[in-house]
Amino acid sequence: MTSPRTLYDKIWDDHVVDVQPDGSSLLYIDRHLVHEVTSPQAFEGLRVAGRKVRHPEKTLAVVDHNVQTSDRSQGIDDPESRTQLEALAENVRDFGIEFYDALDRRQGIVHIIGPEQGFTLPGQTIVCGDSHTSTHGAFGALAHGIGTSEVEHVLATQTLVQRKARNMRVSVDGTLPPGVTAKDIILAIIGEIGTAGGTGHVIEYAGEAIRALSMEGRMTICNMSIEGGARAGMVAPDATTFAYVKDRPKAPKGAAFDAARRYWESLVTDAGAHFDREVRLDAANLPPIVSWGTSPEDVISVQGRIPDPSEIADENKRQSKEKALAYMGLTPGTRITDITLDRIFIGSCTNGRIEDLREVARVVGDRKVHEGVSAMIVPGSGLVKAQAEAEGLDKILKAAGFDWREPGCSMCLGMNPDKLRPGERCASTSNRNFEGRQGPRGRTHLVSPAMAAAAAVAGRFVDIREWPQG
């Protein structure tokens, strides 16, 4: 009789090809997602070695990081970005990989197009040369980012050498209050455990509040596992998962789907399985969260005040937080609701899905973007954009004064034309608030889509729980 196993244990065990003398394992990789930034050297390595892509049908490529979100007929001005986009188009053609280019209606952020195409499925091992690959763990998959040399290894062999991580479970019990979302949950978790709290672990998210989330919400949670230091994050698949996956273009059909579902239903943590670390949060006590510093762990309730670093005993941590406040142009004791904003960014692989855009439109209603605030919405994929337009969300948002863009990573990172100017302060639905992340000397506050939408109208942070309806 085998010992009780976690969800992570089960997927790992099902994919071990060989165990090495040093304790590392060779894992079979089910799905490989590729974009333009981390793949050029990998493909060049294949050419130099005279190798082919072992399983092109298990690989899907898309442009997302460098694409402009304005008029795409104008082409790319930045020569490095243009070179990367052209290289990916050439590489996928030469190696026979399916590819969504900038003009394909299925194009979008890699971690949004995988799930919506049914390329992402429960029980799989999924890799991509991108740190937010953990997003796909929302489906009960083992998904994580890899480096460029590993991208080449997976292209050539469909395998990857890995050491098994430790098991960690974060349980969020109870029911979320109105106005509190999946984004607030994950920001609260990172605030609780810190950016190193999950180091060396794969996190399984569990509890009543997690089970109650939609797939979009679960993807938001798993997306930011890396910001909590974890190798990956995952949620056990259930009826919500199966309903989302069914009838997706690349998902199994008919009897094949039924057979797959029977396997997927076994992907739950056994009673009595061991976790190396356990963390519990009470959903009922969670407020809307705003980040105030330059690390995702620098978070506080929207009703809070900027903390005073002088109260921190550890000298290194105190100096780090003092530096963060200086960069952000904030002083201790300032109310979060007194912080005014220059820019609003709604999008990214964290919060660029149709559910997010519906919530933004609901919050905005017939109101207008505050004078002096520049607000942009970047749908996560062409299909998300088309769905939003079919529902009339774009009309609501454009009438309010939002800039309605084409899909891509956009202002989540400063690798394309969408950047903050020095000193600009932005409420962003993305996943990182590092120095310069959204542009040199730009100041980023991480929030939920609802909080960002309300801030766009008010021109400052407001408590979405007090937002008037209609």
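Every residue, even glycine, has its Cβ placed from backbone N, Cα and C.
Sequence annotations record features per position, and here Swiss-Prot assigns [4Fe-4S] cluster binding site to Cys349, Cys409, Cys412 based on sequence analysis. In the shown protein chains, 30 other C-beta atoms lie within 10 A of the C-beta of Cys409 ([4Fe-4S] cluster binding site).
On its own chain, Cys412 ([4Fe-4S] cluster binding site) has Phe345, Gly347, Ser348, Cys349, Thr350, Ser428, Ser430, Asn431, Arg432, Arg437, Gln438 as residues at least 6 apart in sequence with a Cβ closer than 8 Å to its own Cβ.
In sequence order, Asp64, His65, Ile109, His111, His132, Gly347, Ser348, Thr350, Gly352, Gly380, Gly408, Ser410, Leu413, Ser430, Asn431 are the same-chain residues whose CB sits within 8 A of the CB centroid of Cys349, Cys409, Cys412, the residues recorded for [4Fe-4S] cluster being left out.
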